[in-house]
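Straight from TrEMBL, the features:
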| type | residues | note |
| --- | --- | --- |
| BINDING | Thr94, Asp131, Asp161, Ala162 | S-adenosyl-L-methionine binding site |
Amino acid sequence: MALRLASRKFGSKFLSMLTATSSLHSHATSFGFKEVREEDKSQLVGNVFTNVASNYDLMNDLMSGGLHRLWKERLVSKLNPFPGMKHLDVAGGTGDVAFRILETVNSVKRRAIQDPSNDNLHEETEIYVCDINPNMLNVGKKRAVERGLGETKSLIWAEGDAEALDFPDNSMDGYTIAFGIRNVTHIEKALVEAHRVLKRGGRFLCLELSHVDVPLLKQVYDYYSFSIIPAVGELVAGDRESYQYLVESIRRFPPQDKFALMIADAGFQKVEYENLVAGVVAIHSGLKL
């Protein structure tokens with residue numbers, strides 16, 4: 001009963017906030033449930049990730065009960081990494097996805113080492129970890145050293161903007177972005193850039209917190225998101241506001257079907273998505289053909 005009453009109270013508050021921010025001017029965009037100028041959003045999001053960088057992976061474990069690890073493994077399995085590939089992981093500052101990709105590549109290489117005719121084995125794998133926030137990249141570099149990967153040539157760390165990537169056309173075999181695309185100011189620009197840098201036959205993969213499609217679970221999920229996660233952020237990281245933004249940004253992100261259409265509009269083909277945990281997260285994919 002208490003949960004039902006809390007959910008009803010939250011629901012009315014949520015609808016009023018969403019209604020108040022539903023009509024954005026052409027020069028404005030959303031920052032959570034707030035309306036802000038487009039030129040201000042990047043700085044505001046940057047402040048959030050500067051604040052959460054040192055506790056980012058710990059909070060991911062706490063918020064998802066460790067499930068984010070399985071979701072990232074699923075993402076990498078869909079990528080099907082191979083030795084000699086050139087891959088771009090955007091918004092991947094802490095290295096979580098990049099480390100998994102490199103581990104998979106090394107595993108494939110060990111299994112294929114007995115076949116000297118495989119030319120890919122002799123090419124250096126290049127995994128570019130691109131993030132707009134230098135603090136997140138510093139966390140990733142530190143983690144790489146702790147994993148004994150500090151000197152590997154296969155991991156390249158690059159500060160950059162998803163909307164204006166500093167990589168040549170048709171240069172990447174794969175592109176991943178995990179829990180990052182909802183934070184960019186212009187999602188359409190980021191998708192077009194992803195398409196631009198991929199080679200023909202290259203795969204785009206996006207792992208993102210999304211929209212739950214089971215009514216009862218949605219009530220529980222909304223209550224957990226808005227009542228529990230910010231409180232945990234305040235307790236563990238001393239930062240309630242950043243985690244309040246993070247849960248609000250999920251609700252402002254396009255539903256799965258609409259996001260799939262946006263990916264197709266950017267030029268990708270064979271676009272599809274897979275819901276995990278009833279839509280708590282979704283993995284969208286597309287090919288550049």
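Each Cβ is built from the backbone N, Cα and C atoms, and glycine gets one as well.
Remember, TrEMBL labels are computer predictions, not curated facts.
What you see is a predicted model, and the numbers here were worked out from it, not measured in a lab.
Asp161 (S-adenosyl-L-methionine binding site) counts 17 other C-beta atoms within 10 Å of its own C-beta, drawing on all protein chains shown. Counting only same-chain residues six or more apart in sequence, the Cβ atoms lying under 8 angstroms from the Cβ of Ala162 (S-adenosyl-L-methionine binding site) belong to Val90, Ala91, Cys130, Ile132, Ile177, Gly180, Ile181, Val184, Lys189, Ala190, Glu193, Ala194. Less than 8 angstroms from the CB of Thr94 (S-adenosyl-L-methionine binding site) sit Ala53, Tyr56, Asp57, Met136, Val139, Gly140, Arg143, each of them six or more residues away in the same chain. Residues Thr94, Asp131, Asp161, Ala162, recorded as contacting S-adenosyl-L-methionine, have a largest CA-CA distance of 16 Å.
All chains included, 27 other C-beta atoms sit within 10 angstroms of the C-beta of Asp131 (S-adenosyl-L-methionine binding site).
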